[in-house]
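Under the heading active site, glycyl thioester intermediate, TrEMBL lists Cys90. Residues or ranges marked as compositional bias 'Acidic residues' in TrEMBL: 214-226, 236-247. Sequence annotations record features per position, and here TrEMBL assigns domain 'UBC core' to 5-169. What TrEMBL records for 209-247 is region 'Disordered'.
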Amino acid sequence: MTLHMAKRMLAQEMKSLTEEPMEGFRVKLIDDQDLFEWEVALFGPPATIYEGGYLKAILHFPMNYPFSPPIMRFTTRLWHPNIYESGEVCISILHPPVDDSQSGELACERWNPAQTVRTILLSVISLLNEPNTNSPANVEASVMYRRYKEGLDDEYAKVVRRIVRLTAEDAARDGVVVPTTVDDYCVKAKKEEPGDTDEQSYAMEFRFWRNDEYSENEEEDEEDDSSQSAEKERENAEEEELSNVSQ
């Protein structure tokens, strides 16, 4: 049941991100038959030291998604306070929802089923521009970044710009034109074509649902309850976030 639910939710999220793309990101499946491994292409935001960058990463989802967080690992080698040498991203939203008084993180900052791939990617792009130096994954990069922010030197920016220039080769190899202006960076949701059908719109979901190891009749009631529970948690978290902002 959990595996079936994870496939269903990931298919829905991929469909949503394909039809309503995010600014600065593109996502696709590494293997069309595997919903649990995504390739992410991140475009460096204009007017930042990452401008023109083509940063690639992999999102690996657990079989019990969305109850456990995915792992995000950059395949582009980056120099950043919150990215390990392996490329794995260290950010609160991707940390399991467990009590850890030593981490310095609030429970509300960690992963919960209300989070989505969209919230992950938005958090990561924010982290690139505003690293968390309080709990660095790369101490040397953290020290260099603090000196850069304090205006002591610009070594951090030089290293990042050097990395950005190197990513041009990957972009050319993939046939990607990296946006460097705000207008190009901001994308619009794909409009539905008049000829689109429900069968075409939901082809991805059906492709992964039809071969599920459980029969639909046996799981229908249990799955609906679990899906509704996860969706309810997401709705409650969104309402709480809006409430906190309004206060």
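Cβ atoms are placed via backbone N, Cα and C, with glycine included.
Averaged across the domain 'UBC core' (5-169), the predicted model reaches a pLDDT of 92. Contacts of Cys90 (active site, glycyl thioester intermediate) defined by a Cβ separation under 8 A and a same-chain sequence distance of 6+ are given as Asn82, Ile83, Tyr84, Ser135, Pro136, Ala137, in order along the sequence.
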